[in-house]
Amino acid sequence: MMGVNSSGRPDLYGHLHSILLPGRGLPDWSPDGGADPGVSTWTPRLLSGVPEVAASPSPSWDGTWDNVSGCGEQINYGRAEKVVIGSILTLITLLTIAGNCLVVISVCFVKKLRQPSNYLIVSLALADLSVAVAVIPFVSVTDLIGGKWIFGHFFCNVFIAMDVMCCTASIMTLCVISIDRYLGITRPLTYPVRQNGKCMPKMILSVWLLSASITLPPLFGWAQNVNDDKVCLISQDFGYTIYSTAVAFYIPMSVMLFMYYRIYKAARKSAAKHKFPGFPRVQPESIISLNGMVKLQKEVEECANLSRLLKHERKNISIFKREQKAATTLGIIVGAFTVCWLPFFLLSTARPFICGTACSCIPLWVERTCLWLGYANSLINPFIYAFFNRDLRTTYRSLLQCQYRNINRKLSAAGMHEALKLAERPERPECVLQNSDYCRKKGHDS
């Protein structure tokens, strides 16, 4: 039940904190000894029951706050829980490393994939690979021992710098990929990156430099990380929190959503523009007449025009399919990115305003769930691109089957097969007239 303070008003503060932060020392609404009985004042009081919480079955909240700032919440796991959690975290780490290594190897060693637009995918894979190698193992160890940081003060700052830079680089690369896809679809002839491979490395370098701009301030005194013997937490300074979350997430997410909207709009416009109503059918009466030869000549000319129209429409259909595929791919990328990272950044933005700048008062399991959901984005990125890219799929399959020598040949054969499929549609004039009596008669005579 919700408590009532001395003035008769509902005790909203105590009610909310009893739900969000159980077992934590909370202020109590109680009149101070010399104060007016009608005025409530803050009198800190530690809640009872901490020993009971610490003695609960594993996994359980430790319930002790081991430093002055109130940081250091820990979870005591039993042996079975540690085995299950450790196995899951190890599997996530290994799959992330394997998937992103496949991307890097595929683009670097397969000639057909060495295109400027694929450099962005390599940059994304390197960022995600860095997360899996330099960040996730230390988070895994910290989580397995209940949330206590054991790697020291100096390495805490190094770890936070690596975590922020790699995750931000991954997010910003996804943003640049969305811009690249949009320009490639809407400006295929004028988009310079497609023709000039020198521009793409500059864009990638800009992404990593901007990511470093978020990493460096805590190292040079603008905002100090929360760092003691048991806690390693990024700075909770209000200004730095707003700056870092905006640059690392909210602005890139807004750009990605806008690019997806523009590609989706272009695909719908292309679908409406290139609808093919069908060819006009030639009536038999127009062929079988007294002036049959003249009529036939006119119909042959009309069929030739329709054949050219068919070629043009086939090209339009190819453009439409490419736009539709780009819209679908980018939509799934944006959706997965938002689902993975939005909870973490909402929590990171709100945390200083809820808990203050000294430490985090959010339950440890909530923070870790949101954090691992964000790390999962580094796992699924290479599989998303492989699912929508036939060349990457073929290369993955060949690498996993240790068939290294025939990769380029297989990609060339697959590309030729796709081109032949597009050219399979009939173009002969008499095929347009196949419903006419003349064509049926000609086929019967032959």
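Cβ coordinates are placed from backbone N, Cα and C, and glycine is handled just like the others.
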ASN67, ASN316 - the residue Swiss-Prot records as N-linked glycosylation site: ASN67
Swiss-Prot annotation, disulfide partner of CYS232 among CYS156, CYS166, CYS303: CYS156
Recorded membrane side (Swiss-Prot) equal for TYR119 and CYS199: yes
For ASP163 (serotonin binding site), nearby residues of its own chain (Cβ under 8 Å, 6 or more apart in sequence): VAL131, VAL135, ILE234
Annotated stretches the transmembrane segment (365-388) and the transmembrane segment (85-109) touching (3 or more Cβ pairs under 8 Å): yes
Contact ranking winner - 120-141, 239-261, 328-353 against the transmembrane segment (154-179), Cβ under 8 Å: 120-141
Residues of the parent chain within Cβ reach of the topological domain 'Extracellular' (142-153), under 8 Å, 6 or more residues beyond its termini: 62, 72-77, 82, 85-86, 89, 159, 227-232, 364, 368
Rounded mean pLDDT for the residues that make up the topological domain 'Cytoplasmic' (110-119): 85
